[in-house]
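Colleague: Residues or ranges marked as domain 'Phosphoribosyltransferase' in TrEMBL: 11-212. The 5-phospho-alpha-D-ribose 1-diphosphate binding site annotation in TrEMBL covers ARG83, ARG108, ASP135, PRO136, MET137, LEU138, ALA139, THR140, GLY141, ASN142, SER143, ASP204. Summarising the annotation, TrEMBL assigns uracil binding site to ILE198, GLY203, ASP204, ALA205.
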Amino acid sequence: MSINHDTLHIVDHPLVQHKLTLMRVKTASTSSFRRLLHELSTLMAYEVTRDMPVHMVQIETPLETMQAPMIDGKKLVLVSILRAGGGILEGVLDVVPGARVGHIGLYRDPKTLQAVEYYFKMPSEVAERDVILVDPMLATGNSVVAAVDRVKSLGPRSIKFLCLLAAPEGVQLLQKAHPDVHIYTAALDRELNEHGYILPGLGDAGDRIFGTK
Ligand SMILES: O=P(O)(O)OC[C@H]1O[C@H](OP(=O)(O)OP(=O)(O)O)[C@H](O)[C@@H]1O
Ligand SMILES: O=c1cc[nH]c(=O)[nH]1
Ligand SMILES: [Mg+2]
C-alpha cells in the first residue's frame, strides 16, 4: 500500500525544520527539547488550523464601524495522547486558548507494540466539533488509530492528527483505518526499527520530554 499525499501535510517551513533538527540531536537537554517542542507546536498550529471557520462580527475601530473575522475557539477540541502529547498541546493552546481539551492515556506494549488505554476524559460536547489529536510520534500507528477509534465514537465533525515525526508504516496504517483523517507532520522519516522506533527519528519522545529513563 502506498501513501496518500492528499491527506498527508508535511510542514516544511524553515523554522519548523530548523527546530526539528535541534530536537533530533541526541545531546539536546531535556529543557531545550521541551522548549523546542513547545515552539514547534505553536508554529505547526498555524498550518493545522488554516481552514478553521471564521464568522464576521461588527466592531468599532477608533475611526469607524467594520465587519471583521473571528474564530470561535470553543468549537475546537484538542485531544492529547498522554504522555508525550502534552508537549504539543501546550504550544497549540498558546495560539487557540479557548479550545476545549480532552486526554487519552495510551502506552505501547513493548512486546506487541499494541496501544493499551489507561485513561479517557473528553469535554462534554464533542459531537459536531472539530477535533485535533496531538502526539509527537506516529510510529506503527497503533496508538493514533486507537485514539481515533475512541474519539470517532463521540461523533465529531472532523478529526485531524498533528505530530512531529511520522514513519511510512504508521501513515499507511492510519490512512487505511481512517482515510478521512488528515495528518500534519514536520517530517516523514525512513522506517521503523525492529522495536518500533522511528529511524532516523529522535528517540523516545516521552522520555526526552520528561527526562525519564
Ligand atoms: O505509533 P505507535 O507505534 O503507537 O507509537 C507512537 C506512540 O509511542 C509513544 O508513546 P509511548 O507509548 O512511548 O507512551 P508515552 O507517551 O507515555 O511515553 C508516542 O508518544 C506515541 O503515543
Ligand atoms: O521512535 C519512536 C516511536 C514511538 N515512540 C517514540 O517516542 N519514539
Ligand atoms: Mg514513550
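Using N, Cα and C of the backbone, Cβ positions are placed for all residues, glycine too.
Unlike curated entries, TrEMBL annotations are predicted automatically.
Walk me through where these features lie, including what they touch and how far apart they are.
Modeller: Packing around ASP135 (5-phospho-alpha-D-ribose 1-diphosphate binding site) is summarised by its Cβ count: 28 other Cβ atoms lie within 10 angstroms of its Cβ, all protein chains included.
Counting only same-chain residues six or more apart in sequence, the Cβ atoms lying under 8 angstroms from the Cβ of GLY203 (uracil binding site) belong to LYS26, TYR197.
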Colleague: Cα-Cα separation of MET137 (5-phospho-alpha-D-ribose 1-diphosphate binding site) and ALA205 (uracil binding site), in Å?
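Modeller: Answer for this pair: 7 Å between alpha carbons.
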Colleague: Consider only the binding-site residues MET137, ALA139, ILE198, GLY203: which of them have a Cβ under 6 Å from an atom of ligand 1? Write none if no residue does.
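Modeller: Near the molecule: MET137, ALA139.
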Colleague: List the binding-site residues ARG83, ASP135, MET137, GLY141, SER143 whose Cβ sits under 6 Å from any atom of ligand 2, in sequence order.
Modeller: MET137
Colleague: Please report the distance from the Cα of ARG83 (5-phospho-alpha-D-ribose 1-diphosphate binding site) to the Cα of ILE198 (uracil binding site), rounded to the nearest angstrom.
Modeller: 18
Colleague: Counting every protein chain present, what is the number of Cβ atoms, excluding its own, within 10 Å of the Cβ of MET137 (5-phospho-alpha-D-ribose 1-diphosphate binding site)?
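Modeller: So the Cβ neighbour count for MET137 (5-phospho-alpha-D-ribose 1-diphosphate binding site) comes to 28.
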